[in-house]
């Protein structure tokens, strides 16, 4: 069977020796298969590869059939989110980090080659991961990449000081809250910051968004799962200096002022992730997060 994906990009975490070594090994293997390979600019600079085709993430998204991301979940988040802004290019994650929840292919040499060979031939399963976009009412010039989240959009307190917010869903008042913040998470992000704050785990294919309070000063504040078609408006009602901060997947911090409105809704783009044919999301929950693990 011929390869389904012929032009392959490699994107690696920068300044990490074991990632650079994996990129070089991966490049040699793909070259043996007769595939056209493009390496992301900074990734190539970290390796000893010479005379290789290089490109930016935007160019990769527009020119390649598939992108292989080598590193941890953080690197996968950043790269896949940016790639998805420019095209529908599918992404394969190889784990060279700690947890490897999103980068589902193990870096074991023999198993990796077999898995990659099958996926590049088209023998794979696919997950479509939804994203969120946000707008701050007085920050209309924010770059697009600073407004799109694959995991979550979080509004958090500075230096642990409580603040107040008011939430509307689809134009209707939902709730007020005082506490350390609020996380608005995708199903993908439900196993990240949102889970640590007590939120539920959502299947990545679920068409939902979850709102998770962070240390709400209330005995009856609970996470709320809503349709991902809903539009969420969050108003900052009061705070103690310094101001609360809005972050996108843990990056791009924006200072928020009293009475500012943050609008969050589903993004048009999705991240397409390729896995092995036998990939099972619930296996990942058990193996990576110890879900339902028998303790005694």
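For all residues, glycine too, the Cβ spot is worked out from N, Cα and C.
So that you can see what the record holds, here are the features copied from Swiss-Prot:
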type	residues	note
BINDING	73, 74, 78, 151, 152, 178, 180, 191, 192, 193, 194, 195, 196	NAD(+) binding site
ACT_SITE	73	active site, proton acceptor
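Locations of recorded Swiss-Prot features on the structure.
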residue : record              : contacts (Cβ under 8 Å, 6+ apart)
73      : NAD(+) binding site : 97, 99, 100, 101, 102, 103
78      : NAD(+) binding site : 249, 251
152     : NAD(+) binding site : 132, 183, 184, 185, 186, 189, 192, 193, 194, 249
180     : NAD(+) binding site : 156, 157, 160, 162, 214, 215, 216
196     : NAD(+) binding site : none
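Set side by side, the binding-site residues 192, 194 differ in how many other CB atoms lie within 10 angstroms of their CB, and the most is found at 194.
According to DSSP, residue 192 (NAD(+) binding site) sits in a coil region rather than a helix or strand. In this structure, residue 152 (NAD(+) binding site) is part of a beta strand by DSSP.
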